[in-house]
Structure formats: structure tokens, C-alpha cells
Amino acid sequence: MAKNRTFTMLKPDAVENGNIGAILELINTSGFRIVAMKLTQMSRKDAETFYAVHNERPFFGELVEYMTRGPIVAAVLEKDNAVEDFRTLIGATNPAEAAEGTIRKKYAASIGENAVHGSDSDENAAIEAAFHFAGRELF
Ligand code: UDP
Ligand code: MG
């Protein structure tokens, strides 16, 4: 299995609820190396661009409100099979359907406010990492 990279955000609810440390601990103990990381806040335009694929969906307005209401932690993570393994670690989009031990099962409140983002493909991981980080910020 080749080493590759995924992109994550610890979303505003995770930051507000004081869960940054616990979630990073799970990320580390699951074998991911942090390649880049920062506390940042998305503007409305940022969130609309980042989630443009969902802009026709009924939840889009709420998603943009949620993702812009406070700071997030953006990070790039490296591991063998990073994209798929990180999706497994975070669990289903709806925490009610997320497996025991997953980040969303532990820390997400609802399908909308679900604590964490994980890229869904290598291609999107590269696009999303480049959205938040310059090349010189990746280690
Ligand atoms: N979302 C929502 N309602 C839904 C589906 C998704 O509010 O019915 C939000 C949720 O925050 C989710 C994000 O939109 O994480 C992106 O949706 P996607 O289907 O890509 O889920 P993910 O890839 O984050 O699991
Ligand atoms: Mg998605």
C-alpha cells in the first residue's frame, strides 16, 4: 500500500466543544503523520467554494453558516492508504450510523454538525489541501 495524503478539518463544533486535543490524539494513535496544520476561519466565499459540489443540496445554506461560524483546524495527514483509512476513522456522515470508536460516533452531534471532514478521493485530497495550504507549509 502506497503512502499518500488526505485533508481534514476539525469543524467549528469540534473546536467550540474543546475536542481538538482528543481528536488529534486519535489521529496520531491511528498512525497518521501530520504534514500541515493550522487554526483558521473560513469566509462565506471560502465555504461556498470548498463545498461547491453540494451547492444545489437543501442543506447547503446551513452548511455554509455552520462552517463559517468559528475557527476550524485544517490539516494534511499522511499514511499508507490515507484517504480510505481516514474515512474509516471518522465514520459515517450521520453520527447515528457511525461505527463504535469512530470520531463522529464520539464527537459529532448530528448529520450536519459532525465534528470532522475527511477527503473522499486522492484527487479531492490534493485540491482541498491546496485550498488551505501553500506548498511551503507542507512538511
Ligand atoms: N451535510 C448535512 N446534511 C446532509 C448531508 C451532509 O448538513 O444531509 C453536511 C455535513 O456537515 C457533511 C457535509 O455536509 O459532513 C458534506 O456532506 P458529504 O455528503 O460530503 O459528507 P462527508 O463527506 O462529510 O461525510
Ligand atoms: Mg464529502
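A Cβ is built for glycine as well, from the same backbone N, Cα and C atoms used for every other residue.
Keep in mind that TrEMBL annotations are predicted by a computer and have not been checked by a curator.
Predicted, not measured: the structure shown is a model, and the values here were computed from it.
Together with LYS11, PHE59, ARG87, THR93, ARG104, TrEMBL lists one candidate of ASN4, ASN19, ASN114 for binding ATP, that being ASN114. When each of the recorded positions LYS11, ARG87, ARG104, HIS117 is scored by how many other Cβ atoms sit within 10 Å of its Cβ, ARG87 comes out lowest. Checking the binding-site residues LYS11, ARG87, THR93, ARG104, ASN114 against ligand 1, the ones whose Cβ sits under 6 Å from it are THR93, ASN114. Remark: secondary structure over the domain 'Nucleoside diphosphate kinase-like' (3-139) totals 65 helix, 28 strand, 44 coil, with classes taken from DSSP.
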